[in-house]
Structures are given as C-alpha cells and as structure tokens.
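For reference, the structure is listed below as structure tokens.
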C-alpha cells in the first residue's frame, strides 16, 4: 500500500492533491491581480482618454448636420455598430461571424427604411462637396464612438471594477477645465457667438437636457460593461421602435408600413445580436 501511495502524483495543476482538495494560492492571486478595482489614478487616466474621444464623437456628429441632411447623418451614425465590431475584433473584444454581420446589415436596412420614410419631399440644392464633408464627419463621429466604447470595455472589463460616479465626475472636470478656452476662441473669432439662455424656459430646457444626457451616458456605460459594446450600440437604435410606440400612444399617429418594417428589423437585429453575444461570452 505504501508503494501505491508513492506512485500517486498530486494534481497540482487543478488544485487537487491526493489527501484533499484545496485551491491553489497562485491561481487566486493571479485572478485577483486581473480583476482588482481601478485606482483613482487609473480612473483619472481612463476618464481623460474617454473625455477626448467622447468630445470628438459628439462634435463631429453635430458638425456633420451643418453640411448634410438629418437623414444622411442618422444613417451614417448607425454605422457605429460596424465600427464597434471592427475595433473590438482588432483588440480581441469582439468576434466576427456571419450571424452578426447579417444582423448589423438588417439593422442598417431598418434605419434606412425609417429615415427615408421621414425624409421631407423637398429638392436638395446643397452642393455635392458640402454633402460629402458632412457624410465624412458623420462617419468619423461613428468611428470615435466605436473606439471609446471598446476602450472602456477593454480597460475596465467588469462593472464592479470601477466607481462609475467617480469616473463621470472626472469626465465632467476635464470637460469644464479643458474645453472652456474653445468657447472663447469660437466667440471672438465669430464662428459661434456665446450667450446665456435668454429666458427661464430655455434654462429649464437646458438643465433638463443636462440631467437626461448624464443619465443616458451613465446607463450606457453600466450596460456596456454588463453586456458588450456591440449589444449596447445596437440597443441605442431601439429609440426607433420606442418613438413609433410614443407616436401611437400619445399622438394617435400611425406611420407607413415601411416605418413598421424598419422598426421590426431594428428590434430583431438587437435580439439576434444580444443572443449571439451571450453565447460568445459563455463559450469564452
């Protein structure tokens, strides 16, 4: 019997020995190192990078409306889902497969159906070069969105690792400290005049918009860390079927069948992407 015991080899690779089962300290320490909470310094650096990319995305999207139509800007902004998957694939955060690509194409077709249905029937006399500038700006804005959403997921990985309130607090500080000189520049150069809201109602709208924007960004970041950047990006397009429901409930307005078809494609694409993202996370 003693000889048999001597021939037994401890299964140290999985934390099991011949006399009992116990976890390996080195495995636990390695896991803790990988999932340690972000320090204040790390959160500060991440919020700075996020602030710059977030600003560029919003600035480019809004600037594109000066040169191109709202419908073109809406369609091109929806390509952020493709950029999110592409950037995520390059840094091993997303996977390419036929199902995801078909779902994203379906999403884009749905957005086009809805957008063209709402397009006013007026002759467009805007020069082609001007429209091209706006389209390029909208695409660059979508690219910046894809980069900063993947960056946040890549650096944080799990929702429990970062204090979201601290993160967005730093983002607000950077916006306040770094961006105010640009207001002086555009004001004194005459590009855009800076003035305070002229009435109390405008103040109310401004404050309400600030609160809603903060809440939307906060929930977006939490959802992205709990799921995946691609799922959340596609989920943002759910504003289309929600707007359709609000039109029916509050305005008793029924849109054309093309609008309903586009909204259905958006919902189905979100469901299909979410399903396969969940399967990918379970298999990884």
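Positions of Cβ are set from backbone N, Cα and C atoms, glycine also.
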Correct range for transmembrane segment (source TrEMBL, candidates 41-65, 166-190): 166-190
Contact ranking winner - 101-117, 166-190, 232-250 against the transmembrane segment (66-89), Cβ under 8 Å: 101-117
Surrounding residues of the transmembrane segment (129-154) on its own chain - C-beta under 8 Å, 6+ positions past either end: 46, 49-50, 53-54, 56-61, 63-69, 72-73, 76-80, 82-84, 86-88, 91, 93-94, 221, 224-225, 228-229, 232-233
